[in-house]
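Novice: If you scroll down you'll find the structure; I have some questions about it.
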Amino acid sequence: MRVVLLGPPGAGKGTQALKIAKEFDIPHISTGDIFRQNLRDNTELGKLAKEYMDKGLLVPDEVTNRIVEDRLEKEDCKKGFLLDGYPRNIPQAEELDKFLEERGHSLTAVINIQVEREALIDRITGRRVCPVCGATYHIKTSPPKVDNVCDKCGSELIQRSDDKLESVVKRLEVYEKETKPLIDYYTKKGILVNIDGNKSIDEVFEDIKKALLGDRRDDIH
């Protein structure tokens, strides 16, 4: 099973990715994680990526493709994988198709988790984290016992700069601009499945499972 997972910030993509990987016994490949791994291990590809990052430049598709493909060549990906954070544009999507085709494979499905914009903003801006022990809270859905104080260590909670309204709106705009062409691309290929991400975590996961196990309607509500 070879799956790409799409979804805006705040859609619960990370949570669903872990559940999918466990359920179908396939590796969850997050591009952020493999980039960090290559940088940590000081690999040739890591060094190449770092040259661009140190200059404040975007890592070119060619380097990103190689980093992802290097990971997909590993033994644990032989029976499938779940890609999260890649592809991000049409050239990357075309390269992934070519890479898989050369090995006699193709994508099983592209899962697109959809959540209403206001709900996304609410989910993200409500997050609070403990800068000391790393515990996470949400002011509406999982607040601390004492307002703005960590239950575990008593430290004052903070809102990360990424979770502030202005930053969230910008991140969503970037995501929408980046992802719309991809959604069109995979829709034309007949492998995109839209999942209603406004439901509970378990309900969303059940819908994803249905899609991956053969209930391949364009949208699952």
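Note that Cβ sites are derived from N, Cα and C of the backbone, with glycine treated the same way.
Small disclaimer: the values here were computed from a predicted structure and weren't measured.
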Novice: Between the candidate ranges 30-59, 90-119, where does Swiss-Prot place the region 'NMP' annotation?
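Specialist: Of the candidate stretches, Swiss-Prot labels 30-59 as region 'NMP'.
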Novice: Which residue of LYS74, LYS189, LYS199 does Swiss-Prot report at the same ATP site as GLY10, ALA11, GLY12, LYS13, GLY14, THR15, ARG127, THR136, TYR137?
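Specialist: When Swiss-Prot describes the ATP site, the candidate it includes is LYS199.
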Novice: Once the chains shown are all counted, how many other Cβ atoms turn up within 10 Å of the Cβ of GLY10 (ATP binding site)?
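Specialist: Looking across every protein chain shown, the total is 23.
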Novice: Can you check what DSSP calls CYS150 (Zn(2+) binding site), collapsed to helix, strand or coil?
Specialist: coil
Novice: Just to verify: the residue among CYS130, CYS153 with the fewest other Cβ atoms within 10 Å, which of the binding-site residues is it?
Specialist: CYS153
